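The structure appears right after this line, and notes come after that.
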Ligand code: UDP
């Protein structure tokens, strides 16, 4: 029996993570599949797509999963599902990711190509740092936070759990972003963002609900 590795989510995010995990496991003798509860096909990019129930029941010496779904609430639910089934979540990191000094990052982080984490940073569970994003010095980031591609998160920023930072957003040094807030793509965040709101634009302003 071999160790069984899964990329949970066979959509856009998962198909970007699979080649990184394949490379990470290149010298290991393992089975590597997608896990998806609503699969659009039997396989994707040369890997079978299994339901979670199949992944949890096929014979294996060990079972590990990378949670590759961008939605934070879904990611937390999948994390709990995996933990209840004795499946460890694993981190996946592209070969050219730069991590400097004293960076503590929780289990299950997915770090895409060209991500940089500088020094003295704390990040919680299942962080997604997408292509070309950076996190500067002394930032504190909660659990299940998602950075879309190209997020520029400057020093001393605090970000609450479940926040989503859109592609190309720039966050000014020292800003706090509340839990479950959404920062729109390209936003320039110059003031603190309360929990749960969506901000857009330059300078970023709260988007009023219509
Ligand atoms: N998914 C799943 N189980 C769940 C929720 C989602 O397997 O409980 C899968 C879903 O079927 C889809 C993927 O996760 O294939 C999420 O893909 P989506 O295109 O919504 O987003 P992204 O890939 O950008 O995270």
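Every residue gets a Cβ built from N, Cα and C, even glycine.
Given the structure is predicted, the values throughout are model-derived calculations rather than measurements.
Record features, source TrEMBL:
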- 137: active site, proton acceptor (ACT_SITE)
- 138: site 'Increases basicity of active site His' (SITE)
Give me the count of other Cβ atoms within 10 A of the Cβ belonging to residue 138 (site 'Increases basicity of active site His'). 18
Below 8 Å Cβ to Cβ and six or more residues apart, same chain only. Which residues does that give for the residue listed as 'active site, proton acceptor'? 118, 119, 120, 121, 155, 156
